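Asks: One structure is given below, represented as structure tokens, and several questions about it will come after.
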Amino acid sequence: MPASSEPPAPEAWPQDLSGAFHNLPESRRWWIALSGGCDSTFLLYCLAALAPRHNAHLHAIHLHHGLNASADQWQQHCERVCEALGVPLVSERLALDPEQPDLEARARNARYECFESLLEPGDLLFMAHHGDDQAETVLLRLLRGSGVRGLAGMPAERELGSGRLVRPLLGLERRRIEALARDWALDWCEDSSNRDTRFDRNYLRHEVMPRLEARWPRSAWRMGRSAEHCREAEELLSELADIDAGSAASGQGISVLALGQLSGPRRQQLLRHLLIRHGCQPPGERRLASGLEALLHAPDDGQPELRGEDWRVCRFRDQLWLVPDLPVVGRDAAVEWSVGNDLEWFGTRLSAERSEGSGLAVNAGERFRIRPRAGGERFRPGPGQPHRPLRKWLQEQRIPPWERAHLPLVFSGGELVAIADLWLAPEWRAGEGQTGWVPVWHRPWQLLRAAP
């Protein structure tokens, strides 16, 4: 059903609504996540009225989850409303198996992955989360034992992929939005699954929040205020972590020795802060604390680590490294590499750059055999030097153990020609005035940096 009425111009909006759109970030392209429900439909009409005043082009994105018998009707409704408003609509279908566990979380992750793939630099994505959604989020996180960062709830604005996500309606309650939508005579779709109390958020919405509101009026608004206080506290903790990172800095990384001089809560907060800055989701409090203790107090020849979902923090000498999970290199792994082409090597990449007077004295297309260390390799580091065990040389060069495990060795026949980009055989090196190819090994691990 298309909308049956024109909403009032922004100048005629009530103060609480117009105030929700103050200080919007600058952008020439706006997106709205449009489900077809009351909240997103209401936000669509608001943005359609505001976009011309901000010289912004408004687009809508509708995600078809395929989980409800009415999903096709919702998409058709979104198409009709967007056509009536002259707003371009993009529809995407998500592949979700309702029989698999954690459907709520999987659907949410799929939505945000789709949004991220859509946004280009400078784009804004508007979402219609409101004050009641914020209260539900805070309650859910409180029941899961979240800390200050979690209890800060959903931010009004944050980075998302190459763009930014904006939630302008967080200061408005659900009933206020529904009242305005009715005043504007808007039509929307009702999602019957929103009443399914098997889902945690729906249970809070229909069973818990009404009782809280009956006993403590405006409970949702008060929880939103608490979330704002927690967000301020989180900002202060982040500033403290930046100060601690500066004092614990060693080169571009973090000194383990200096980290150990901080109190337990401060070093945990610092590590959590650095992981978030590097795009990693920190583990829970207990695992973070125990992993940090292992990193701080392991013997020099130990290999302690703090594991995350698809990464680990490793200690090597006095610094911490962020190492992604990589495929294990089999001892019998061997592939052919053609100079001038990139070679994917167990989560790393080997390439070569053309150079004058350095690198391998070969032509583009020269073929070599790449294999990992098998143990017992010996080589001659420089002209006139005796052969030495590769294992001992790597230790002297301070190569971390995870790097040694993935190290690509370059062979011609049975002759060792290069050790990744660490060493070239003297007899294969390009001389002065001679064209060469310099191997470059692209490693995905990095120092856990003290500064952005």
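Each Cβ is built from the backbone N, Cα and C atoms, and glycine gets one as well.
The shown structure was predicted, so the numbers you read here are calculated from the model rather than taken from an experiment.
What TrEMBL records for this protein is below:
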{"type": "BINDING", "residues": "S35, G36, G37, C38, D39, S40", "note": "ATP binding site"}
{"type": "DOMAIN", "residues": "368-441", "note": "domain 'Lysidine-tRNA(Ile) synthetase C-terminal'"}
Asks: The domain 'Lysidine-tRNA(Ile) synthetase C-terminal' (368-441): mean pLDDT?
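Replies: Here the predicted model's pLDDT, averaged over the domain 'Lysidine-tRNA(Ile) synthetase C-terminal' (368-441), is 94.
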Asks: Determine which residues of this chain, when S35, G36, G37, C38, D39, S40 are set aside, have a Cβ within 8 Å of the centroid of the ATP site's Cβ atoms, and list them as they appear in the sequence.
Replies: L34, T41, F42, A128, W188, C189, D191
Asks: DSSP on the domain 'Lysidine-tRNA(Ile) synthetase C-terminal' (368-441): how many residues come out helix, how many strand, how many coil?
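Replies: Summed by class, the stretch gives 16 helix, 27 strand, 31 coil.
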Asks: Quick one: give me the count of other CB atoms within 10 A of the CB of D39 (ATP binding site).
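Replies: A count of 21.
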Asks: Which residue among the binding-site residues G36, G37 has the fewest other Cβ atoms within 10 Å of its Cβ, if you could check?
Replies: G37
